[in-house]
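**Student:** Under the heading N-linked glycosylation site, Swiss-Prot lists N118, N133, N357, N627. Feature annotation from Swiss-Prot assigns heme 2 binding site to H251, H327. The feature domain 'FAD-binding FR-type' is assigned by Swiss-Prot to 349-475, with sequence analysis given as support. Summarising the annotation, Swiss-Prot assigns NADP(+) binding site to G467, P468, Y469, G470, C714, G715 and lists sequence analysis as the type of evidence.
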Amino acid sequence: MLPGWHSIASLVKRIDIPIVASTTPAEIAEMQQDAWPEAGKYGLGWVYFSVILLAISTIIRFYHLWGDQIRIALHKEDMAGTSPYVTSPQEEYELPSAATDSSTTHFFPARGPLPSTNTTKQQSSISTIAPLNNTIAFVRWIFYRPIPVLRIGKLRIGFPSLGASSIILAALIFVTLYSFVPQPLYYSSISIGSPPLAIRAGMIAVAMIPWIIALSTRANFVSILTGISHERLNVLHRWAGYLCLFLSLIHMVPFYVTPIWESTNFMYYQQYFPRNIYIYGTGWAALVPLIVLCLHSLPILRAWMYELFKLVHLPLSIIFLAMIFWHSKNFLASWDYLWATVAIWMLSYAVRLFYVNWSNPLRLSFLIGEECAVTILPQNAIKVTVATQMKWKPGQFVYLRMPGISLFERHPFTISSLCSGDFPSEYGENYRDLALVFRPFGGFTRNVFLKTFEYGPYKTWTAFLEGPYGGMKRDMAAFDDVVFFAGGSGITATASHLLNLIKKMRDRKAVTRSVRVVWAFRSPETIDWFREELRICRDFAPPNTVHCHFFLTGLEPHGQDQLAQNQFYQEMLRDKMYNTLEGMDKRNSAYIREEAAGDPEIEKELRRENEDAITALPLAHTLPHINTSRHYTSPMDNNYQHAPYPAPHVSPADTPFNFGFPPSSTVFPKLTTRVGTVPLQRNGWRIDYARPNIPQVLKDYSRTFGRRTCVFVCGPPSMRVEVSKAVAQLQQVVMTDSSKDEIFLHAENYNV
């Protein structure tokens with residue numbers, strides 16, 4: 001055997017130092033402290049930590065899923081014994097003399113006993129356990145609250161949600177303690193073995209890599225088990241990468257504290273390795289890509305050079321993984337974690353083939369994509385309509401690539417249309433119109449706007465879709481009350497949920513009895529984006545179930561001279577919307593013909609039922625009403641008085657449905673409807689001219705909440721923060737009121 005062979009072998013292995021005849025008893029005793037063969041347990045420690053978190057999240061997900069399905073099933077069972085013509089989940093108060101064959105509820109029924117006042121619905125036994133519901137409410141009271149933004153001069157630093165931050169903090173504490181608490185941190189000499197601290201940190205870092213990749217992929221097992229979509233897991237992906245860098249630095253530093261070149265075995269190291277390679281070259285080869293990956297994923301840098309980030313992130317990740325293979329040399333079964341990483345990565349890409357619209361050979365879009373039309377909406381918004389055989393659920397999003405706009409760019413957009421047989425595409429019964437609505441800001445969206453402006457709305461484009469991804473992990477139909485908050489283009493994530501919920505309510509498949517929509521936008525033209533969807537909600541929702549509250553925030557006074565003029569404009573615009581909605585309470589004739597499907601007898605019956613509704617007497621002229629609602633603080637001076645104007649001579653049948661917004665700057669006087677009897681409770685549409693006072697709005701709504709309420713918000717960060725704080729505060733109602741079981745919050749990402 002060559003001289004010094006044992007020393008060279010020990011340096012090659014770097015850490016597994018064999019016991020030979022020359023090893024002293026003191027060195028043997030020191031080597032047994034946190035021995036090298038047992039160091040693999042530190043990688044398993046991180047695996048156990050991650051699996052426990054995954055198991056808890058999965059159990060919570062399936063607990064809620066089970067409870068939601070049981071409540072919906074019990075509701076269907078209750079509805080099976082009632083008349084299919086009763087469509088309103090709330091009472092409709094009518095006078096006894098106004099009864100018709102279409103009436104549903106009376107103060108005094110014509111025959112039989114008085115109706116029972118006991119309307120308690122069946123509930124899932126496990127979902128009504130008060131201590132469990134109170135515990136969940138207490139956890140939400142804590143974790144629904146957002147972390148305040150840190151301001152350092154002009155720099156604003158945002159943090160993840162409190163729940164995500166708690167997981168990140170727990171992981172940081174775990175890996176730090178697991179690295180530094182076991183002893184020893186160093187050996188007396190690196191000739192005995194590599195520093196135990198470095199080995200512990202290195203094994204934990206390697207064990208984290210499969211989880212980092214799993215949290216980054218679009219189709220991953222974490223989303224399948226927990227119901228949390230990949231875009232929400234991305235924050236954990238980034239912070240897990242930062243923790244991996246933190247552990248890699250801990251792994252590196254001890255090798256410089258006890259450097260190999262101070263050992264007597266350094267000369268043998270030089271004999272075994274080429275002299276032109278740095279001693280720790282393989283470690284630096286893996287560390288540098290990791291540093292770059294973490295730095296350019298910082299929010300401030302990623303937003304500044306997003307296109308570059310997308311271009312280099314994947315290649316850098318592949319280089320990093322290859323360098324880790326080279327550096328670790330399969331010590332302590334480290335390659336098991338790395339091969340698991342490769343398997344997760346490849347499996348994700350294989351599964352993604354089922355998410356693209358051009359990979360199915362049974363579809364006409366196979367390898368060529370699908371046609372789409374692009375329309376410019378008011379306020380320069382863009383609507384892309386793709387006729388596709390793809391199926392999706394409300395609130396999901398897709399990645400859109402249009403080679404005619406940009407060959408390789410792919411961007412996520414929320415689907416604003418409903419995938420239902422009630423809304424077939426003109427391409428055929430097997431197709432549905434997938435609608436994407438977004439504002440042009442820069443890059444891809446700006447190019448879409450410019451190309452559409454250049455070629456016009458009649459040009460068709462090729463679209464390649466990937467998805468759908470995301471969506472809610474809870475079923476809205478299992479909640480008694482649903483409240484939607486939307487800010488500006490955030491209505492895109494709300495529209496499909498609203499249509500789907502109304503459809504289920506009409507089909508008697510939803511527990512929901514009340515739906516409230518609060519939409520804040522700057523310009524009246526914004527409502528044109530979803531004019532047809534709102535018309536459907538008003539015409540087809542069960543009576544007295546959908547209430548829409550619009551907040552027009554774009555009317556800001558610019559001086560004292562405009563104060564009175566803006567106030568007058570507000571009052572007139574509000575009144576016109578009221579009158580439009582009141583004057584169109586009947587079912588639209590076009591929908592009657594569509595529902596009759598060409599059968600004259602059914603159409604005749606539907607029109608007769610429509611005429612049975614209580615109608616209003618002619619309109620009267622009164623002074624404009626000044627709104628004094630406490631839902632907002634108006635910046636206008638309410639002391640300004642206006643004089644009545646003559647009524648315009650416009651036929652209601654010739655007036656297009658415009659939700660109260662005039663097509664020009666002409667304003668109209670208030671027209672108040674007088675009725676000859678007590679009407680049904682169908683007035684649920686309202687508009688105000690200020691920013692919504694969200695805490696007060698939710699507080700007022702909470703007085704009529706049922707046992708379970710869902711609050712959905714999609715809007716700018718300020719709106720999400722206000723809604724989160726308000727819902728967190730309302731958890732006290734659940735903990736103190738036995739008639740309330742749950743107030744659930746779902747906050748949608750405004751940028752997707």
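Cβ coordinates come from backbone N, Cα and C, glycine included.
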**Student:** In terms of DSSP three-state secondary structure, what is the assignment for H251 (heme 2 binding site)?
**Tutor:** helix
**Student:** Going by Cα-Cα distance, pick out whichever of the recorded positions N133, H327, N357 is nearest to G470 (NADP(+) binding site).
**Tutor:** N357
**Student:** State the three-class DSSP label for P468 (NADP(+) binding site), counting H, G and I as helix, E and B as strand, and everything else as coil.
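**Tutor:** For P468 (NADP(+) binding site) - judged by DSSP and reduced to three states - the answer is strand.
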**Student:** Report, as a single number, how many Cβ atoms besides its own are within 10 Å of the Cβ of N133 (N-linked glycosylation site).
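**Tutor:** Taking all protein chains shown, N133 (N-linked glycosylation site) has 19 Cβ neighbours within 10 Å.
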**Student:** Quick check: in three-state DSSP terms, what is H327 (heme 2 binding site)?
**Tutor:** helix
**Student:** I need the CA-to-CA distance for H251 (heme 2 binding site) versus Y469 (NADP(+) binding site), whole Å please.
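**Tutor:** With the alpha carbons as reference points, the distance is 37 Å.
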**Student:** Note the mean pLDDT of the domain 'FAD-binding FR-type' (349-475), expressed as a whole number.
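**Tutor:** Across the domain 'FAD-binding FR-type' (349-475), the average pLDDT comes out at 89.
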**Student:** May I ask you to report the DSSP-based helix, strand or coil state of C714 (NADP(+) binding site)?
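**Tutor:** C714 (NADP(+) binding site) sits in a strand per DSSP.
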**Student:** For P468 (NADP(+) binding site), write down the residues of its own chain that are at least 6 apart in sequence and whose Cβ falls under 8 Å from its Cβ; none is a fine answer.
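**Tutor:** Set apart from P468 (NADP(+) binding site) by at least 6 residues yet with Cβ under 8 Å, we have Y355, M390, K391, W392, K393, Q396, F397, V398, I415.
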**Student:** Determine, using Cα-Cα distances only, which of these recorded positions is closest to N357 (N-linked glycosylation site): N133, H327, G467, Y469, G715.
**Tutor:** G467
